[in-house]
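One structure is given below, encoded as structure tokens.
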Amino acid sequence: MTVSMAQVIKLFGLLCLVVTIAAEVRVKRQDEDADPDSINVEELCKDRPGDEYFRLSTDGDCREVVRCTRSGLKQITCPSGLAFDIEKQTCDWKAKVTTCDKKEKPRKVLPILKTDEPICPEGKLSCGNGECIDKELFCNGKPDCKDESDENACTVELDPNRAPDCDPTQCVLPDCFCSADGTRIPGNIEPQQVPQMITITFNGAVNVDNIDLYEDIFNGQRQNPNGCQIRGTYFVSHKYTNYSAVQDLHRKGHEISVFSLTHKDDPNYWTQGTYDDWLAEMAGARLIVERFANITDGSIIGVRAPYLRVGGNKQFEMMADQFFVYDASITASLGRVPIWPYTLYFRMPHKCNGNAHNCPSRSHPVWEMVMNELDRRDDPTFDESLPGCHMVDSCSNIQSGEQFGRLLRHNFNRHYNSNRAPLGLHFHASWLKSKKEYREELIKFIEEMLGRNDVFFVTMLQVIQWMQNPTELNALRDFQEWKEKCDVKGQPYCSLPNACPLTTRELPGETLRLFTCMECPNNYPWILDPTGDGFSKK
Ligand SMILES: *[C@@H]1O[C@H](CO)[C@@H](O)[C@H](O)[C@H]1NC(C)=O
Ligand SMILES: *[C@@H]1O[C@H](CO)[C@@H](O)[C@H](O)[C@H]1NC(C)=O
């Protein structure tokens, strides 16, 4: 029951994605010419964010909307059977959409931030109605202006308390790294002397469905040019995860990070999550992994948001308080030159892309392992430009192993021949397993790359270690940070994990098996009871 529901949602998400990509066409010029009075683009687009879809008319079947771009209006059309929900800003089943009579989202009252002469005394700023309140009260998550306008202009560009622009004299390694456009190489090393790092990451539960895939890719035989085994990073979600398998991945030197505890399938829960939601989800998930995979070395330092729905400043405040070192959920749209990871002490160096636009605007002592979008074009010299894709499986035009191989090589070259920013290959295991040729193609690519002497398959932590101590290729053989757990052999900690059948009051009616080398807990660990010891009773 739950599985089929999840599949429906997944399919639906894919559908929406395909629609946005395939059907986004410029509204034809003839239309404008034919009826010049009905569309005044300039007026329609005045003060309207470029990501907002709206209707030109409420006639018709509720499927067509447009948005403003620099080159005019662009139209999308939902597939038949669906309608566009103005409130949610997505295509949805027609029966569920109640906003077909609305042309646009209600406009929010904005504060008056930009004026020639200041309206308010120093240290204060003006609400939409002219009321002056303390600058610190803007964008603090609760309305302070009577018209509530202080919470309506809080993007990375507008938040009055936003982080300052990158200042390279203040921001120095090893703790801080930024550059004006995000493309600069740390340590100002010549590109030819920079190792091309590739980060293979997986999202989701680690279990019997994918352990064989991981053993196939990371079989212990494949080595980076420094003689150490190649590695990946696992963003692990809790439900259905086999913690004895996670323990073994960690033993072999792969990086374990968290992908939340509940992986709740409501994207808005993540975008709008409170500080406490993020705390319970991410610190709770870490607690579970540490306990049941017996990871005691403090190496779980990374977070990825489900659906890549970044939780704004609250997520990053929680991360700093909980000593998480990096987030790996913000995407950078496909550009000419890829972006290097950066710290968030200063303002992020690129547009907040996707993610419901909830990027952190404030200063945070956290690294952002930015996800550069991949160029999905099958023939990049010939095809017209298409939006990039962040997870490999969201490059929905990839249908065959051959296409997948071309995608890998073309994007490798884009990074390798420019600034050698780390190339992220982000997967859901189920996609790689959906066709045998995908797995074969990935392994072929890895082996081809390892035949060179300047490509390394590393974890997120290893990327940060290199950036904190930028080291030229010819000295990398002896780069100590990359020598830890260099060549791991031997057997897992336990040959026969406990298969604990457990329940929790939080998931009524479900009995779940928790696989672990450690002792079984009393209850299935869940958000109010992450250790599984039982609810604290008053
Ligand atoms: C859990 O993982 C361990 C270690 O990889 C493996 O031996 C065991 O068979 C797995 N159990 C299940 C049910 O997947
Ligand atoms: C858990 O880790 C500790 C410390 O590394 C180790 O001493 C212990 O044997 C481990 N226990 C199991 C069951 O893996």
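Each residue, glycine too, has its Cβ placed from N, Cα and C.
No curator has checked TrEMBL annotations; they are predicted automatically.
Its Cβ placed at the centre, Cys120 (disulfide bond) has 17 other Cβ atoms within 10 Å. Taken from TrEMBL, the feature disulfide bond applies to Cys120-Cys132 (among others).
Taken from TrEMBL, the feature disulfide bond applies to Cys127-Cys145 (among others). For Cys127 (disulfide bond), the same-chain residues lying six or more positions away in sequence with a CB closer than 8 A to its CB are Pro111, Ile112, Ile133, Cys145, Lys146, Asp147, Ser149, Asp150.
In three-state terms derived from DSSP, Cys154 (disulfide bond) belongs to neither a helical nor a strand segment and is classed as coil. Annotated disulfide bond per TrEMBL: Cys139-Cys154 (among others), in sequence order.
Taken from TrEMBL, the feature domain 'Chitin-binding type-2' applies to 42-102. Mean model confidence of the domain 'Chitin-binding type-2' (42-102) amounts to 87 (pLDDT, 0 to 100 scale).
Annotated signal peptide per TrEMBL: 1-23, in sequence order.
On the backbone, the CA of Cys154 (disulfide bond) and the CA of Cys132 (disulfide bond) stand 17 Å apart. Of the listed disulfide-bonded residues, namely Cys132, Cys139, Cys145, Cys154, the sparsest Cβ surroundings within 10 Å are found at Cys132. Between the CA atoms of Cys120 (disulfide bond) and Cys139 (disulfide bond) there is a gap of 18 Å, rounded to the nearest whole number.
Secondary structure at Cys127 (disulfide bond), as computed by DSSP, is coil.
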